[in-house]
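Engineer: Pulled these from TrEMBL:
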type	residues	note
DOMAIN	34-83	domain 'Porphobilinogen deaminase C-terminal'
REGION	149-182	region 'Disordered'
């Protein structure tokens, strides 16, 4: 199992920028989009973030999406793992033929910040719901308690300063002294 969204790349674009959207459609990878939506729906429903002890394994085939998700305590003594799947093809479902641009813009949906490729809205809705359902199953099994304890432990070990802030003047002076004495 791996971190949610591991290996998926995204390109942001303005929704009304049709020429750029056309270029991006040529490099879009439907299986990666399917996996990313399901995984992100799971993480969003669990209310996890980048430091949450959550992992997934996603397998996309022509027929189905299989999603396995897990939550662990930070020391690894507690774990919850569950798997679910959903079909990607359903008899009688409309094919994924491209719709006119004006119609796509007006009806496009966003799933966890991802706009699905044209004509894949039904599939994307199903995989989004799968991620939410799997997360709910994990929550029903006790994942919320494990995640709250992990968050509390992470918060207790996190420095009060923001790691993305520039170092303070005192820290810079200490570093400068250490370098000059070397």
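Yeah, the Cβs are placed from backbone N, Cα and C, and that goes for glycine too.
Just so you know, TrEMBL annotations are computer predictions that nobody has curated.
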Engineer: Just give the helix, strand and coil counts over the domain 'Porphobilinogen deaminase C-terminal' (34-83), going by DSSP.
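Structural biologist: Counting residues per DSSP class in the domain 'Porphobilinogen deaminase C-terminal' (34-83), I get 13 helix, 21 strand, 16 coil.
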Engineer: How does the model score the domain 'Porphobilinogen deaminase C-terminal' (34-83) in terms of mean pLDDT?
Structural biologist: 92
